[in-house]
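All remarks here apply to the structure that follows.
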Amino acid sequence: MEKRPEAFSATVLFTTVVVFSIAASPSSANLSFNFYAASCPPAEFMVRNTVRSASSVDPTVPGKLLRLLFHDCFVEGCDASVLLQGNGTERDDPANTSLGGFSVIDSSKRVLEIFCPGTVSCADIVALAARDAVEMAGGPAIQIPTGRRDGMVSAASNVRPNIADTIFSVDDMKKLFSSKGLSLDDLVTLSGAHTIGAAHCSAFNHRFQENSNGNLTLIDTSLNSTYAGELMKQCPARGSPSVTVNNDPETSFMFDNQYYRNLLAHKGLFQSDSVLLDDNRTQKQVVDFANDQVGFFESWGQSFLKLTSIDVKTGDEGEIRRSCSTTNE
């Protein structure tokens, strides 16, 4: 029988302060709040300041940092394995070639290495930067425990089996999330990350087909026809593969509950978004979040803590990299 995990308590800050507790996974038992209080007191401030500066110059940064966290934690756990460069690493997989935010992580690491050399892990920087990115975009301010260590394994072959595809059904996503210790509620909550960020046309072009005249037509009837028309204009048949579309067409750079409102209007960009409204197991939560941003933010805080605790390495596991793109060996 699995040992009952300890509870993390955290504070989510929005209009009022809401305090809640969540159950931590056994692998996160050695994480703690204010882990760097003695060894590097300004660690979290330095990361936050770097994220703030980058986001003020480029409003797409928060979405990139949040996506980077997901792709890190779902493959090998939250251990910064996605940052490692080299032939056959995770970054070589097509699912990761469009990832961004690396420069923000590297900038944070350079500053930290000056003030606290060999102390703050890249894994913690990725988690903290994503946490701060959400807040910078208008989302809840939450506390997360730190103490993650950096992994030493990064293989492209591990990516596809562990990353959700935009054509996934609820069952497909439920199976994947469950394998990471995340519930169906977590799935719906964390899908709210799509309230910011952008995607290439290839991520949703299967919802259309090219006719004999070389024009796209809508074949996915779950998509709002007007919205579909806008997407086809932005992503014409045989258009540039570099074109990106905002995940949320309404408040593209704001972390809010608009994603769920979009789903109710049948304006989910991905098929994997739209199915959340169509499935009886997830529909109620979508409706609830569409009508209650505070409730979404509270759930986000809990699910985000679970996300950032997936298969973490602590204690003597892994290492503290000197550079986030290479192991120390």
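Using the three backbone atoms N, Cα and C, a Cβ is placed for every residue, glycine included.
Unlike curated records, TrEMBL annotations are generated automatically.
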Field: Recorded disulfide partner - Cys324, candidates Cys78, Cys116, Cys122, source TrEMBL
entry: Cys122
Message: Is it possible to get the count of other C-beta atoms within 10 angstroms of the C-beta of Cys235 (disulfide bond)?
response: 22
- prompt: Which chain-mates of Cys78 (disulfide bond) that are at least 6 residues away have a CB under 8 A from its CB, listed by sequence?
  reply: Leu69, Asp72, Ala123, Val126, Ala127, Arg148, Leu307, Thr308, Ser309, Ile310, Asp311, Val312
- prompt: Since the record lists Val75, Cys116, Cys324 as recorded positions, which of them has the fewest other Cβ atoms within 10 Å of its Cβ?
  reply: Cys116
CB-centroid shell, 8 A cutoff, Ca(2+) 2 site Thr195, Asp248, Thr251, Asp256, site residues removed: Ile196, Glu250, Ser252, Phe253, Met254, Phe255, Asn257, Gln258, Tyr259, Asn262
Query: When you measure from the Cβ of Ser81 (Ca(2+) 1 binding site), which residues in the chain that are at least 6 apart have a Cβ under 8 Å away?
result: Asp72, Val75, Thr89, Glu90, Gly151, Val153, Ser154
- prompt: If one looks at the chain holding Asp248 (Ca(2+) 2 binding site), which residues at least 6 apart in sequence have a CB under 8 angstroms from its CB?
  reply: His194, Thr195, Ile196, Met254, Gln258, Tyr259, Asn262, Leu269
